[in-house]
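Asks: Swiss-Prot lists these features:
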- SER303: active site, acyl-ester intermediate (ACT_SITE)
- ASP366: active site, charge relay system (ACT_SITE)
- HIS422: active site, charge relay system (ACT_SITE)
- 301-305: motif 'GXSXG' (MOTIF)
- 1-44: transit peptide (TRANSIT)
Amino acid sequence: MATIPSHNLRPHTTNQRTQYSLSFRPHFSRSTLITFPARSSPARAMSRTDEEASISTRLEQESYGLTTAEDIRRRDGEAKESKRLRDTWRKIQGEDDWAGLMDPMDPVLRSELIRYGEMAQACYDAFDFDPFSRYCGSCRFTRRHLFDSLGIIDSGYEVARYLYATSNINLPNFFSKSRWSKVWSKNANWMGYVAVSDDNEATRCRLGRRDIAIAWRGTVTRLEWIADLKDFLKPVSGNGFRCPDPAVKAESGFLDLYTDKDTSCNFSKFSAREQVLTEVKRLVERYGDEEGEELSITVTGHSLGGALAVLSAYDVAEMGVNRTRKGKVIPVTAFTYGGPRVGNIRFKERIEKLGVKVLRVVNEHDVVAKSPGLFLNERAPQALMKLAGGLPWCYSHVGEMLPLDHQKSPFLKPTVDLSTAHNLEALLHLLDGYHGKGQRFVLSSGRDPALVNKASDFLKDHFMVPPYWRQDANKGMVRNTDGRWIQPDRIRADDQHAPDIHQLLTQLHHPSQLL
């Protein structure tokens, strides 16, 4: 077993405390303020206080008047009260392909898109990117304490398992590796998690069902990984998918990342695909046929994580993992943010036939959402697509798209920087202010715009929010008893897979052997 650090250890020299707005729960008024140590709450930025107005309040006063902003928030709040998530969750999950929900923007859908986007953002906030850390490439927190360590309280979800992938594939700009010789794993990276909504009555009342959520890590702003893609489609049926059509193809790099494994590594001796399918199967068997229990499967991810979200959502449906023992079909939805194209037109058609719903949130200026397949894609003339459909570089987006434009936000610089336009926190900010085509940009939930600069330099300078401000105190270094600065040890990572994983895999590939 490897050792993974616990970030409950705090520097002896630091006694700073910061106020954070902490919850996955959607809100439309001033957020509840809870005091947490700044070191243990990297996922959230400072919220509004009575003593000092936030930058969002100041901008509202400067731009369009606080009364207008408060009126819009009040209107959204009233609309949300009249149409609660528990009563409309199937439509929010795409039952009708989100018809009539995006223009004007439905406040419940907006709230859910932000909530699932924050689940994807948690993968960034918890990931150890530091090459000078011997734990680089791992999650900084144990799964039982993931949300608490990020300062996210009342999430309503419990992390069921962590996901790992082997780095022995040709995506060098995606994986992070330590410069230390003795590391937690030489060939694995943490990729995300599978979570399930808890038994709390408030959670069940709010969601209206039990939700299995899969969150994939992507890339914060670096776009070099796009150049690593082979831009070559290959049949999914050759990678263990139970697909009857050999013409259904996906980008080979995404397939490799999802299906490859390294039997010499405890963390990735099972592929990310096998880890996801077996855990979802376990949860479906546990909850799927409970009387009065409704279930949903929601997959989320940003950037390359968005590609994995689409691929795994398709896989869950293709393999029939979303069917209970009694034959009930569980809806599968993917919410992606700045995700690239994944497969060809036959892949798109197959996803639609399986009933998988995909909603893609994109910044119109984001190049990743236009890749791969820059020239041969769903926007090409239909006649050309029919002729070129069999070519290994002819791609098609799937599902529905919600296009946003960062130049509409009065908070953000009108930059043309490609990596900045790809930022997930910026997308969540744009979601918060979007009310429909041609409508004024007004923040609806009070989500703090300072979060945008957590890992970017996107906010206008006069708001005085430093760029790239999110970091651990003293970059994670602490003083030991001798007064020397060291990296603290972390709690051991759980590199043991479930004891019944082989049995579950057998059942997946040979359904007749179901017990």
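Glycine residues also receive a Cβ, built from the backbone N, Cα and C atoms like all the rest.
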Asks: As a test of the contact definition, list every same-chain residue at least 6 positions from the residue listed as 'active site, acyl-ester intermediate' whose Cβ is closer than 8 Å to its Cβ.
Replies: GLY218, THR219, TYR337, GLY338, GLY339, PRO340, VAL368, HIS422, LEU424
Asks: Among all the protein chains here, how many other CB atoms are within 10 A of the CB of HIS422 (active site, charge relay system)?
Replies: 28
Asks: Among all the protein chains here, how many other CB atoms are within 10 A of the CB of ASP366 (active site, charge relay system)?
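Replies: Excluding its own Cβ, the number within 10 Å is 26.
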Asks: Under a three-state reading of DSSP, tell me whether ASP366 (active site, charge relay system) is helix, strand or coil.
Replies: coil
Asks: Check the motif 'GXSXG' (301-305) for me and report the mean pLDDT.
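Replies: The predicted confidence over the motif 'GXSXG' (301-305), as a mean pLDDT, is 96.
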Asks: Report the DSSP secondary-structure composition of the motif 'GXSXG' (301-305) as helix, strand and coil residue counts.
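Replies: Result for the motif 'GXSXG' (301-305), in helix, strand, coil order: 2 helix, 2 strand, 1 coil.
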